[in-house]
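As structure tokens, the structure follows; a few thoughts come after it.
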Amino acid sequence: MTNIQTQLDNLRKTLRQYEYEYHVLDNPSVPDSEYDRLFHQLKALELEHPEFLTSDSPTQRVGAKPLSGFSQIRHEIPMLSLDNAFSDAEFNAFVKRIEDRLILLPKPLTFCCEPKLDGLAVSILYVNGELTQAATRGDGTTGEDITANIRTIRNVPLQLLTDNPPARLEVRGEVFMPHAGFERLNKYALEHNEKTFANPRNAAAGSLRQLDPNITSKRPLVLNAYGIGIAEGVDLPTTHYARLQWLKSIGIPVNPEIRLCNGADEVLGFYRDIQNKRSSLGYDIDGTVLKINDIALQNELGFISKAPRWAIAYKFPAQEELTLLNDVEFQVGRTGAITPVAKLEPVFVAGVTVSNATLHNGDEIERLNIAIGDTVVIRRAGDVIPQIIGVLHERRPDNAKPIIFPTNCPVCDSQIIRIEGEAVARCTGGLFCAAQRKEALKHFVSRKAMDIDGVGGKLIEQLVDRELIHTPADLFKLDLTTLTRLERMGAKSAENALNSLENAKSTTLARFIFALGIREVGEATALNLANHFKTLDALKDANLEELQQVPDVGEVVANRIFIFWREAHNVAVVEDLIAQGVHWETVEVKEASENLFKDKTVVLTGTLTQMGRNEAKALLQQLGAKVSGSVSSKTDFVIAGDAAGSKLAKAQELNITVLTEEEFLAQITR
């Protein structure tokens, strides 16, 4: 072997290891820049020496020519579907059938429990460790050849990470698109006047069935393996869970939520845990898959028709349902944004009754081609506001009415305008508009802003409706007599509200900036502004160039801030707030070079009382830390707020330094 071949082999081996750490272990040992440097070095060497190019090189994920169509692949072992359960009773009946069928019944039965990913099932064949073929599930017997497209997925290894690969190994898994990637994909499509996808599953399906793999390579797809088909030249572990861990050890990604459960009660506990975590996972699931863990027991139980007896999918309540669109109302937000809200025939979706859904903006109404009277597909996922994702146009009644976007504000009758390049139309009424005034005041008192506990949305609505307050400063001028005259406001409640207002006068500069409600200035940006300028006067006097020196403040946000301080009304409100006693201490954050967190990996868990999670994350990043979402042996610190859960427990198990919120704040300030 020549020196060049040895160098190429070493580069490929190193890059495969880094890909494994990044995509499978979620624990990279080097920064992205180092991977990129080695990748480009390998690519340059391969261009200089094409005679040594191999098909399993990390550089060869993309390169196949577009296909004229997909050829068919017959599955040597059929890819079966699963029976479904929709209630605890149906799951318990499944367990009873297993217990009745087994000759020697282990006590308790052990299950391998997995999230049921909402993607596309695929089969990937490795021959002597090299990816040679991939197919869709199809009808279970025959699928489409998607080898070129599967090769483009970054977490799918082109070469297994083992020196002793099986002669043939068929990996079965689910390809899906995480939420973050889906949002980026649709954002790009909107910016380039391309068609958007209705949901991540459709996006994943459309991406896998591209005839041009170069297009697929630009789509943020992910594989999670859930089983093994063909296995030749290897002694596989004797349990399903151990097989998944073995796959992980040779470079195949598996889902991190997989758990072993003993007995039906533990399995049902897993089902509820995953259901509660569903909205925070970052990808779509529609239930759990529950499998007998022991392979010998699986073989004993066998199959019925097209499903195994040893596994079942326990589905979550439906997240999508059909209903009728009865009307559309237009609501006004604190920045004047006009949002169309669909008034629906009430329908039970994902555990709750839904009667309203957002239609986002005029473009969305046009895209959906929706009319009052239509039958619509409503989707509700976790805590996300229900939305209409489709229309059954073939069911449109003759008396359907078009949705007319208003030209004047439905609250104050001011003109509605839409700035070129923006999707949102806005009322021009400003604080003259009662709706904007209410929402601006609700934002001002919210937990992440001034955190005024005793003053809620309903109280603000009464105060605005009765013309008792017009600006945030007016809140601090309220007295007991005024408050006790309001509906449902007794003396005790009024005293609590006044005490909350008094306590809120002592705040932080970051919270105060966020509370002002400047467009596109979220809590993280407010924190960056406070840390950069140190004082309100310095921020107020900053020019556009100075504003753009703040992290995460670009030209658009800088303009918003600059214009805010050039409005005499805004300056007057701020001065009035200061006059009413609103104040803060000047806290200097330590420079990145002199703090405990520089170049460290930090995990946040629990509820922080002094700042929001995003605020803390932005602060840590400014200090030079890497903020991770999961605890591992590479974690340096865990900052634990109230009600910290499994991350705190894992940190203690791994002897990782745990800081309270107070200890964290003491470390970063002086």
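Note: Cβ is positioned from N, Cα and C throughout, glycine not excepted.
Straight from Swiss-Prot, the features:
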ACT_SITE  LYS116  active site, N6-AMP-lysine intermediate
BINDING   ASP32, SER33, GLU34, TYR35, ASP36, SER81, LEU82, GLU114, ARG137, GLU174, LYS291, LYS315  NAD(+) binding site
BINDING   CYS409, CYS412, CYS427, CYS433  Zn(2+) binding site
DOMAIN    592-670  domain 'BRCT'
Environment of CYS409, CYS412, CYS427, CYS433, the listed Zn(2+) site - residues of the same chain whose CB lies within 8 A of the CB centroid: VAL332, GLY336, PRO410, VAL411, ASP413, SER414, ILE416, THR428, GLY429, PHE432, ALA434, ALA435, GLN436
Cα proximity to ASP36 (NAD(+) binding site), best match among binding-site residues CYS409, CYS412, CYS427: CYS427
Candidates CYS409, CYS412, CYS427, CYS433 (binding-site residues) - the one closest to GLU34 (NAD(+) binding site) by CA: CYS427
Which listed residue (GLU34, ASP36) has most other Cβ within 10 Å, given these are binding-site residues: GLU34
Length of the line joining the Cα atoms of ARG137 (NAD(+) binding site) and the residue listed as 'active site, N6-AMP-lysine intermediate', in Å: 16
LEU82 (NAD(+) binding site) to CYS409 (Zn(2+) binding site) - Cα separation in whole Å: 52
Residue pair CYS427 (Zn(2+) binding site), LYS291 (NAD(+) binding site) - Cα distance, angstrom, rounded: 55
Rounded Cα separation (Å) that holds between LYS116 (active site, N6-AMP-lysine intermediate) and LYS291 (NAD(+) binding site): 12
Pairwise CA distance, CYS412 (Zn(2+) binding site) versus LYS291 (NAD(+) binding site), rounded so that it is a whole Å: 59
Tertiary neighbours of CYS433 (Zn(2+) binding site) (same chain, Cβ under 8 Å, six or more apart): VAL332, GLY336, CYS409, VAL411, CYS412, SER414, CYS427
For LYS291 (NAD(+) binding site), nearby residues of its own chain (Cβ under 8 Å, 6 or more apart in sequence): PHE111, CYS112, CYS113, GLU114, HIS240, GLN298, TRP310, ALA311
Among CYS409, CYS412, CYS427 [binding-site residues], residue with fewest other Cβ within 10 Å: CYS412
